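Encoded as structure tokens, the structure appears first; notes follow it.
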Amino acid sequence: MTKQKKSMLASFVIGFIILVGLDQWTKGLVVAHLKGNGPYVIWDGVFEFLYSENRGAAFGMMQEKQLFFFLIALAVLGAVAYLMLRMPTDRKYRPLTVCLMMVSAGAVGNMIDRVSQGYVVDFLYFKLINFPIFNVADCYVTIAAACLVLLIMIYYKDEDMACFALKKKE
């Protein structure tokens, strides 16, 4: 493994740890200050912090399917590991690296909750549109997914993605 590749992977791991730490820290604050209490209103009628125990997926879908979500998170981590090991070290791929870091951190942040508590702590609530309550890890995944779509549609060319193709050894 080249020095550049090691540096890229080290940066990925450091960023990943910071993002997971931020997610877990925010959830810890919410548990300490909001569990058993009413919402903390940021903008009346629009946005508030509201403690919620989510036993489903993002935005409360598919309640009580913990093993399924754990296996999905493991599959995501496996796919990200594959992509990171094949990722060229060119600057061009940094946005993709950041997106993969965010997806991984989101998956692990919520997986930690599922394994340790049996549910995910959610607390971000857009009351104005009655949007499902979510958390920082959900934000990572949603933002990264949107950016990935844009990157693949607009920024990267087919030949830029060829390095990720599954190839048979000859």
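Cβ atoms here come from the backbone N, Cα and C positions, even for glycine.
Those TrEMBL annotations? Automatic predictions, nothing curated.
So that you can see what the record holds, here are the features copied from TrEMBL:
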TRANSMEM  67-84  transmembrane segment
TRANSMEM  96-112  transmembrane segment
ACT_SITE  D122  active site
TRANSMEM  132-156  transmembrane segment
ACT_SITE  D138  active site
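Counting only the Cα atoms, the space from D122 (active site) to D138 (active site) is about 9 angstrom.
Long-range neighbours of the transmembrane segment (96-112) within the same chain, counting only residues 6 or more positions beyond its ends whose Cβ lies under 8 Å from a Cβ of the stretch, are 8, 11-12, 15-16, 19-20, 23-24, 27, 69-70, 72-73, 76-77, 80, 83-84, 87, 120, 135-141, 143-145, 147-148, 151, 156. Counting neighbouring Cβ atoms within 10 Å of each of the active-site residues (D122, D138), the lowest count belongs to D138. D138 (active site) falls within a helix when secondary structure is assigned with DSSP.
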